[in-house]
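Trainee: As listed in TrEMBL for this protein:
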type: DOMAIN; residues: 26-324; note: domain 'Plant heme peroxidase family profile'
type: DISULFID; residues: Cys36-Cys112; note: disulfide bond
type: SITE; residues: Arg63; note: site 'Transition state stabilizer'
type: ACT_SITE; residues: His67; note: active site, proton acceptor
type: BINDING; residues: Asp68, Val71, Gly73, Asp75, Ser77, Glu86; note: Ca(2+) 1 binding site
type: DISULFID; residues: Cys69-Cys74; note: disulfide bond
type: DISULFID; residues: Cys118-Cys320; note: disulfide bond
type: DISULFID; residues: Cys196-Cys227; note: disulfide bond
Amino acid sequence: MGFHKINGIVVLVVLGSLVGLSQGQGTRIGFYSARCPRAESIVQTTVRSHFRTNPTIAAGLLRMHFHDCFVEGCDASILIDGPNTEKTAGPNRLLRGYEVIDDAKQQIERVCPGVVSCADILALAARDSVVVSGGGSWAVPTGRRDGRVSQASATSNLPGFRDSVDVQKQKFLDKKLNTQDLVALVGGHTIGTSACQFFSYRLYNFTNGGPDPTIDPAFLPTLRGLCPNGGDGTRRVGLDSGSETRFDAGYFAKLRDGRGVLESDQRLWGDASTRSVVQRFIGVRGFAGLTFGIEFGRSMVKMSNVEVKTGTNGEIRTVCSAVN
């Protein structure tokens, strides 16, 4: 499921709504059309090239953009190297895809020096990572500038794998993102994998020495086989088994069936407010349907405009890993 199945009339409606979302944020669609018209195509080509050799890179780029936007806004602060920067914080240590952004930045700098921000490259790469994974495209408003501050301590507001639904909802609300945005964005970020250390506690000693009762008993042996008790916590397991490199709505059905890998994801089915959105994405009878690809694109545009730096705020970094 995705934008690639949408007819031209619907696409026009979607693009119109995205333009509306970008108004008043200081970003706009086509920001580089005059000063660096090749910027978007360079990012797209770079993502495709890296994806061909490593399909897991798409999930890494999508997650990196998500983690960037929730800390200091979408300003590429996640890319800055150094002690106690965001990328050194626990939630970010396993992020990957930095080399893709560096590659695209170097190519763009050769044709348009000092024009395109690393924050915009990351936002564009996140969109393109969905496209190469089989999802649809959307227009990305650009015009962000890069932040100069990156602190590991600022990552405490990132959604966590043990967060209750109420905590998740509040963290998203703090970024002006609603419950539907929460479910859509979590669903999109389940392409890819998670390390055993982030969910193996659910398998062995969750309650009274037993597993998390929300896990489908038929699924439990599979997870235990992948993540043995006391085994390698860094081993990676697909969040959407059999579809971890493909962008689709399949993970929502897995939540219904008790096959969510992360506790925070599975809890979306246990809470009435989030379960109703999940049901709309999987087309449960009696619920008005939602097209996941379309809603994901809308939510991504909203998130990508979180606390952005524009105009004279911030800078355009020459190298994404270091402030000028």
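Heads up, the Cβ atoms here are built off N, Cα and C, so glycines get one too.
Those TrEMBL annotations? Automatic predictions, nothing curated.
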Trainee: Which of the disulfide-bonded residues Cys74, Cys112, Cys118, Cys196, Cys227 has its Cα nearest to the Cα of Asp68 (Ca(2+) 1 binding site)?
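Mentor: Comparing Cα positions, the candidate nearest Asp68 (Ca(2+) 1 binding site) turns out to be Cys74.
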Trainee: Around the Ca(2+) 1 site (Asp68, Val71, Gly73, Asp75, Ser77, Glu86), what further same-chain residues have their C-beta within 8 angstroms of the site's C-beta centre?
Mentor: His67, Cys69, Phe70, Glu72, Cys74, Ala76, Ile78, Gly147, Ser150, Ala154
Trainee: List the residues of the same chain that sit at least 6 positions away from Gly73 (Ca(2+) 1 binding site) in sequence and have their Cβ under 8 Å from its Cβ, in sequence order, or write 'none'.
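Mentor: Listed in sequence order, they are Gly147, Val306, Glu307, Val308, Lys309.
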Trainee: On average, what pLDDT score does this prediction assign to the domain 'Plant heme peroxidase family profile' (26-324)?
Mentor: 93
Trainee: Taking Cα atoms as reference points, rank the recorded positions His67, Asp75, Ser77, Glu86 by distance from Cys196 (disulfide bond) and give the first.
Mentor: His67
Trainee: Could you state the CA-to-CA distance between Cys36 (disulfide bond) and Ser77 (Ca(2+) 1 binding site) to the nearest Å?
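Mentor: Cys36 (disulfide bond) to Ser77 (Ca(2+) 1 binding site), Cα-Cα distance: 23 Å.
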Trainee: Which of the recorded positions listed here (Arg63, Cys69, Cys112, Cys118, Cys227, Cys320) have a Cα atom within 10 Å of the Cα of Ser77 (Ca(2+) 1 binding site)?
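Mentor: For Ser77 (Ca(2+) 1 binding site), the recorded positions whose Cα atoms are within 10 Å come to Cys69, Cys118, Cys320.
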Trainee: State the Cα to Cα distance, in Å, between His67 (active site, proton acceptor) and Cys227 (disulfide bond), rounded to an integer.
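Mentor: That separation, Cα to Cα, works out to 25 Å.
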